[in-house]
Amino acid sequence: MWTVYKLVITESQNDVSKDVDKEGQWNEGFDASTENVPKKDIELVGVAEKSEENILNRPKWDNQLEFLMSCISTSVGLGNVWRFPFVTYQNGGGAFLIPYILVLLLIGKAMYYLETVLGQFSSSNCVKVWALSPAMKGTGYTQALGAGYVLSYYVSIIALCLYYLAMSFQSPLPWAICKSEWDNCVPSGESANMSSMQGDPVSSAELYFTRTVLRQSNGIDDGIGVPLWDLTLCLLASWIIIFFIVARGVKSSGKAAYFLALFPYVVLFILLIRAVTLPGAGNGILFLITPEWGKILEIRVWYAAVTQVFFSLSVCSGALIMFSSYNDFKQNVYRDSMIVTTLDTFTSLISGITIFGVLGNLAYELNYDDVSMVIGSGGTSLAFISYPDAIAKSPAVPQLFAVLFFLMMAVLGVGSGVALLSTINTVLLDAFPRIPTVYMSAMGCTVGFLIGLVYVTPGGQYILELVDYYGGTFMRLFAAIVETIGVIWIYGLENLCLDIEFMLGLKTSFYWRICWGIITPFMMIAVFYYALVNTEALMFGGTYQYPREAYIAGSALQYTGMALIPIFIIHALWKYRSNNFVETVKRAFSKKPTYGPRMPKLREEWKQFRRDAKYERELQRKNWFHHIALSLFGGYRSRNP
C-alpha cells in the first residue's frame, strides 16, 4: 500500500499541485525536505491501493528459454549472413577480423550486457528506462527511431528472400542460365568458355539479380520509379508473417523464437559443407583469414568494425532493453548475454567462411587471380549473387539447397524484424496502454508496408543503401555514446554495479568496470570523431554518386534522430526549472523515485540495500577522485552483500 500526498505551494505566482510519495519525494524529482516546505502545506489526499498485480501488469516470457531464443533470433540474423561478409570484403578480408574481435570484446559484449541489465532491472522499455536520468530520455527515442529506419528496409530484404524462395522450385534454377540478351554472361550452373567473350565475364546469378529481380535503374537522378508488383506482393507477405508473430506480443513471439533461432543453423552448416568443397574455395577462405596488417592502422576499418558489431548484435536499437524487460527479476542475464554474443560471433565467422568459399569458387570459374576482383558492387549482392551462384553449381538437387537457403534467409530476417517492430510497439503500448496489442501491431505493420514500397522500386536499392548509411550506423553510434555517458557517468558506475549485485548476486569484475567506465565510451568517442571529420560521400557500388537532394535527405534522417537528445535535455531543464540553476540541473539528471524494481517488496529491499551500501561507501571514500578509482577497480567490492 502506498500513501499519496498532495504538495501545495502557495508562495509562487501560480499554485502548484504535485503528487508526492511517502518518502517525501515529488514524482518529478522534487525533495520537499530540502525546500523547507512547512508541514501545513502537505496534506493527505488519499490512500492508493496498488497491488503487485496492478504494478506488474507487464507481460512476461512463459519461460526464460524464450528470452534466450528471442535474443539469438534477434542478434543472429541477416547482419551475419548479408552484412558481415560484405563489410569484411570491403575492409581487406582478414585484416577486418582483428579489429572486429577486439571491438566485440571491448564494446559489443559490454553494451549487450549493459542493456540487458537495464531492461531487466527496471522492467522498462528503451524510453522509460531513462527514469534513471530523465534529461537523457531522448536517447531512448533516438534508439527507437533508429530501429524504425532499419526495420523499414530490413523487411524489403526478407521480401527478396521470399521471391527467390518462390523461384527456387523451378528446374533449372532461373539464375543458373543466361538469357540471350545478356552479353558476356557466364552460366552459374556450368563452366563456360571465357575466350569467346568480348568483355569482362559476369555470372548469370548477378545479371538475374540486377536485371530480372530488381530491374535496377542506372541511378535515381530521374526518380526511383514505381513499385514492382511481384516484389510488392513479397513485401506484403513479409509484413503479414511478422504481424502474426507480434500480434499477441511476447505470448506469440516467444513461441516463434524457437524456430526462428534454431532452424537457420541447420541450413547454415549444410551450406558451409557445400561451400568448402567447391573448386577454388580454399583461395577465398585464405583471403578471409590472411590479414593485411596495414589496414589495421586505418581508423575507417575500426569504424566499420564498430558499426558491424552494433548492427549484428542489435545493441542500441532498443530491442535488448525491450526483451529483457519481460524477464523475471532474478534471471541470469549475464549468462544469457555471454551465450548470445559468443554465438553471434561464431555465426558471423561461419558465414564469412561460407561466403568467401563461394567467392573463391566464383573467381576460379571466372579465371580471376584475385578474389577481390569477383564482385564490384556491394549491398545485398553477396547474399543474392554469391550464394545463389554456389547453389546453382550443386551437382545434386540444387533446388533443395536453394529452398533451404532462402527459407533460412527469410527466417533470419523475420527474427530480427520481429524484434525491431516489437521495440517500437513496446514504446507505443507503454505510452498508450489502452490500445490492444493486436491493433498496435496491425497499425505498425501497415505503416511499415507503405514505407517499404520505396524499396521495391527500380531505384529501391539506392534508397536502401542511403538509409542504412545515414540511419543505421552513425546515429546509433551517437546514441550509444550518450547512453554510456547517461548510465555510467551520470547515474553512476558504482550505482549500476550495486543494482547488478542486488539483482543477480554477482559482484561486477574489473573487466566490466574498466570497459564501461573508460574503454568502451572512449573507443566509441574516438571512432565517432573520426567519422564526423572524415565523412566521405556515399557511393553506391563504389561508383555511383547520388544526387545532391539524396545526400540532404540522408543527413536529415541522421540529424533528426541525433537532435532528439539535446531537445529532451532542454525540455527536462525547463520542466525541472528553479531559481537555482545547479539545482535545476541536478533535478533534471538525477534518477526519479519511480526508477527501480517494479515489485514493491523487491523495491523496498533494493532501497535498503542502497542505503546500506551508501553508508559503507562513505566510510571508505576520501574524495571524489578516490571514489572514481574505487569504482573502476572494484575497491568497494570488499563489502559483504
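Cβ coordinates come from backbone N, Cα and C, glycine included.
Which of Cys161, Cys185 pairs with Cys178 is settled by TrEMBL: its disulfide partner is Cys185. Of the chain residues outside the Na(+) site list Val76, Asn80, Ser312, Leu412, Ser416, Thr74, Ser75, Gly77, Leu78, Gly79, Val81, Asp344, Thr347, Gly415 have their Cβ within 8 Å of the site's Cβ mean position. Annotated pair Asn80 (Na(+) binding site) and Cys185 (disulfide bond), C-alpha to C-alpha distance, rounded: 29 Å. Long-range contacts of the transmembrane segment (400-424) within its own chain (CB-CB distance under 8 A, at least 6 residues past either end) are made by residues 70, 73-74, 76-82, 125-126, 143-144, 147-148, 150-151, 154-155, 157-158, 161-162, 164-165, 168-169, 173, 238, 241-242, 245-246, 249-250, 253, 256-257, 259-261, 263-264, 267-268, 270-271, 274, 314, 317-319, 322-323, 383, 387-388, 391, 394, 441, 444-445, 448. Count of Cβ pairs under 8 Å against the transmembrane segment (259-281): among 144-166, 343-364, 436-457, 477-498, the largest is for 343-364. Sequence-distant residue pairs (6 or more apart) of the transmembrane segment (144-166) and the transmembrane segment (301-323) include at least 3 whose Cβ atoms are under 8 Å, placing the two stretches in contact. Cys185 (disulfide bond) sits 34 Å from Ser312 (Na(+) binding site), taking the CA atoms of both as reference points. Under 8 Å, Cβ to Cβ, and six or more positions away along its own chain, Ser416 (Na(+) binding site) finds Ser73, Thr74, Gly77, Leu78, Gly79, Tyr154, Ser314. Taking CA atoms as the reference points, Leu412 (Na(+) binding site) and Cys178 (disulfide bond) are 30 Å apart. Most Cβ pairs under 8 Å with the transmembrane segment (343-364) belong to 301-323, among the candidate stretches 228-247, 301-323, 436-457, 477-498, 510-531.
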